[in-house]
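Q: What TrEMBL lists as heme c binding site is Cys68, Cys71, His72, Met191. The domain 'Cytochrome c' annotation in TrEMBL covers 55-207.
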Amino acid sequence: WTVGKKVLATALGMGATGGAGLYVALDESVKADLTLHPPKLPWSHKGPIDSFDHASIRRGYQVYKQVCAACHSLKYIPYRHFVDVFMTEDEAKEEAAEIMVRDGPNDIGEMFDRPGKLTDYLPMPFPNSAAAAYANNGAVPPDLSLMVLARHGGEDYLYHLLNGYCDPPEGVELGEGQHFNPYFPGGAIGMAPPLYTDIIEYEDGTPATQSQLAKDVITFLSWTAMPEHDERKKFGMKAMLVLIPFTALCYYKKRQYWSLLKSGKYVYNPKKY
């Protein structure tokens, strides 16, 4: 190629790259206008050595059981995980015994229903996804076991989603059974506002305001997504207690071993003949 053709090709390539970058930037800016980004909140368990608020987890389970469990499942959580977290073993056994689990076959080859045990998982609100979709205008309510980890923004997104319902702005039309929430992608969400002040009464007497209900149920869902959270941080603290002195000792020995080599001077004197 001649110099002119090379310059032209380079200019075309740079122009195409710049145009593509401008298109992506404009596209992202338009998307940002359609959905609000949830502000960060000071969750009590977010610090490097902070643990969960276990009283809040217990209250959050009460919110899930009385409000959310009608539509959403926690299919990865067994009752045994409740023990020594926000329930005693006897309380967890009583909680599990409230449900009936299909089991069997028995001695005569028939299936039977029995009270739940600690090893059983929390019950599904619907027998299958088709029944769930039919009861919710064609949308299957998602499982909440890992919801905190599955959504960008985590706890912040879920908190603002639960508290962000409002009237749609001018020009926004919603379909039948839809509601407007600026934190939900697209704004139109099929879930009706689930939480209201005093919708339930807490066992410990905590005022059941809407923000308190949202905070507690999201703390509970954070625990369901990371039940090893507290143990992981405890192990990390123990590891740091060992690794920090060990690292200091290794650094000291390294300086000791290499001090002579680094500070010594070596001179080569060739033999003269």
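Cβ coordinates come from backbone N, Cα and C, glycine included.
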Q: Kindly state the mean pLDDT of the domain 'Cytochrome c' (55-207) in the predicted structure.
A: 94
Q: What are the sequence-distant neighbours of Cys71 (heme c binding site), meaning same chain, six or more residues apart, C-beta distance under 8 angstroms?
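A: Sequence-distant Cβ neighbours: Pro125, Ala132, Ala135, Asn136, Pro141, Met191.
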Q: Non-local Cβ contacts of His72 (heme c binding site) (under 8 Å, 6 or more apart, same chain)?
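A: Spatial neighbours, sequence-distant, of His72 (heme c binding site): Tyr64, Pro125, Pro141, Pro142, Asp143, Leu144.
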Q: Given the heme c site residues Cys68, Cys71, His72, Met191, which other residues of that chain have a Cβ within 8 Å of the mean position of their Cβ atoms, reported in sequence order?
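A: Sorted by sequence, the hits are Val67, Ala69, Ala70, Pro141, Leu144, Pro194.
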